[in-house]
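Marked as domain 'DhaK' by TrEMBL: 95-425. Marked as substrate binding site by TrEMBL: GLY146, SER147, GLY148, HIS149, LYS197, ASP202. The active site, tele-hemiaminal-histidine intermediate annotation in TrEMBL covers HIS310. Taken from TrEMBL, the feature domain 'DhaL' covers 465-669.
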Amino acid sequence: TEKPIYKFPSPVVVLCKFSSPPFGSLRRTWSTKEKKEKNLHGSSRAFPSLSLPRNFVLFAKSRRSTKFISISLWTPEKRSEALAMASCGKKLINDPNDVVTEFIEGLVESYPGMQYLDGFPEVKVVLRADVAGAKNDKVAIISGGGSGHEPAHAGFVGEGMLTAAICGDVFASPQVDSILAGIRAVTGPMGCLLIVKNYTGDRLNFGLAAEQAKSEGYKVESVIVGDDCALPPPRGIAGRRGLAGTILVHKVAGAAAAAGLPLEDVAEEARHASELVGTMGVALSVCTLPGQVTPDRLGSGKMELGLGIHGEPGAAVADIQPVAVVVSHVLKQILSAETNYVPITRGSRVVLMVNGLGATPAMELMIAAGKAVPQLQLEHGLAVERVYTGSFMTSLDMAGFSITIMKADQAILQRLDAATTAPYWPVGVDGNRPPAKIPVPLPQSPSARSDVSLCRPVQLSKQGILLEVAIEAAATAVVNLKDPLNEWDSKVGDGDCGSTMYRGATAILEDLKKYYPLNDAAETVNEMGSSISRVMGGTSGIMYTILCKAAYASLKANGQSDVTSNHWAEALEASTTAVSKYGGAIAGFRTLLDALIPASQALQQRLKAGDDPVTAFVLSSEAALAGAESTKLMQAQAGRSSYVSPEIVASVPDPGAMAAAAWYRAAALAVRNTLESSLPAGSSAP
């Protein structure tokens, strides 16, 4: 049917979103004598807009099953504001005003043990799905504050931690009605404990909600957490700010409540824990609020020490320093005897928390933790009992971290180790830590000969002489081909094929004279693979290592000290098969296999035909060279060459294939020349 939606007194812009084909249509009609119509089509992927004049009536008409999902009406001023948002900090959000409620919806969808109160948008409360206020026989632990610090506080709702979390708007204290709704929803006869960060808005709103709840007959206690150690001792009533140390207080209180303690005892444990904890943060950037322009208060090359979790200025701005220096400064500030913020002295047992502020990679957090532990142990004389590293209380997308230190006795550790279902409390960190982590020794290969150290034999056998000649010639050929390989690779790759192969070849030449057990062909090939893996990076390095290791396994499987030409042929086939298996390339893909596969096939064919082994080796090297040169005619299907235009690829052969053909042919010719110069006439090659 067709019906008027609304009559608008002033010009607006209409943004329409439709469900699915066959689409829908909008018909606009002026409220003048002349009537005009215009259809507006769109789909679920399109948001067409239509400017309308003053005093018009908008009609909506649906066809068949098509329905309108939404019609947004914007004044020109509001539309300009919306367009201006494109210059704001990038966020994967919808309406900036809905970020908190949509976060809560996603959170409870992700974790079955969570639920939220049906009071959006004013009441934003996340609570345990298994707790009903009147039937709750444990003390309820409630905390919260402004949003933007996720996973705090809602991410710590679960048995053994928070019973409910009250979420305010971004960086804004939750409303009293919302806090009161949370108290009513989860508080039973045992009462509830409110854990509040020391900010004026939080103290006032939670305080008023607590008084209102008491007047309704609820038993309520409150604990204020102020763990900031960045600023000098405050003068006045503001006190120290509540930071990431609050999470540890949550855990202590939640475990005490789960143990069945009465409200007074739970509150006392939480209060005691709050007096043992200190925190300081450092940031490389300030945060960007949803829908707002990213501020640039710090500038490049600067960091801020002691700034708050809402982006408020800290104690000092300084040049960026190595993280070890930053960690040292932060620890000294927290443990300062002058401020005496935490009762921690040499010999104390402590818990360490390294907390990401929102945009700090786990790698950087772990680096900070790795520097903090030995400094606490060696410089401050403390026993580090637990280490918690991750993002616990963030500041939207702020880059930086905070460090929290908490004095820990056995009772505190027991509470921290107690089980919890809160999804963002770290797992795998409970239990006693060793005073020092000693790396586990590298395991030896089962095939390693521990009784004999690998080295060059004093006297080489005939096979050892040939093997040395072949290896030296092959490696030298690669060294001499460095520049042409780099030139070819600069056109079809990243230009370093020659340099990479050069590193492997020179390592082989160096190790050849010292370590290779040349009288043992299998072990020599294995050691060549070790030389390559030590110095050759990238795809070439791993491919040649696989090639050597597969050849070694094949030679070793024969179980014979003397390696025959057939054994070498089998080893070459095994190595090319392994490279193809793990690299994914086959003949015709324009890789080193286009040289080695023809060589392997030719070698086996000539040996089966009864050719002399050396002759077969030389002929197979010709097949390798022909295969490498044929790569000019191939379309690249592997490696970086596959991203290059066919015209450029066709101008040069594949560098990897040319390198393989070069060392293979050099080895074959060196073996032939050596045998021709040393063997008596009429003798056959081994």
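Glycine is treated like the rest: Cβ placed from N, Cα and C.
Structure coloured by features recorded in TrEMBL.
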residue	record	Cβ contacts under 8 Å, 6 or more apart
GLY146	substrate binding site	GLY168, ASP169, VAL170, PHE171, ALA172, SER173, PRO174, GLY201, ASP202, HIS310
SER147	substrate binding site	VAL99, VAL100, PHE103, LYS124, CYS167, GLY168, ASP169, VAL170, PHE171, ALA172
GLY148	substrate binding site	VAL170, PHE171, CYS287, LEU289, HIS310, THR394, SER395, LEU396
HIS149	substrate binding site	ILE309, MET393, THR394, SER395
LYS197	substrate binding site	GLY145, ILE224, VAL225, GLY226, ARG241, GLY242, LEU243, THR246
> What count of other C-beta atoms do you get within 10 angstroms of the C-beta of ASP202 (substrate binding site), across all chains shown?
Replying inline: 25
>> Beyond the listed site residues GLY146, SER147, GLY148, HIS149, LYS197, ASP202, identify every same-chain residue whose Cβ lies within 8 Å of the center of their Cβ atoms for the substrate site.
In response: GLY144, GLY145, ALA152, HIS153, GLY168, PHE171, ALA172, SER173, TYR199, ILE309, HIS310
>> The record lists GLY146, SER147, GLY148, HIS149, LYS197, ASP202 as binding substrate. What's the largest Cα to Cα distance among them, in Å, rounded to a whole number?
In response: 15
>> Taking 10 A as the limit, how many CB atoms besides its own sit near the CB of HIS310 (active site, tele-hemiaminal-histidine intermediate)?
In response: 19
> So what pLDDT does the domain 'DhaL' (465-669) average out to?
Replying inline: 89
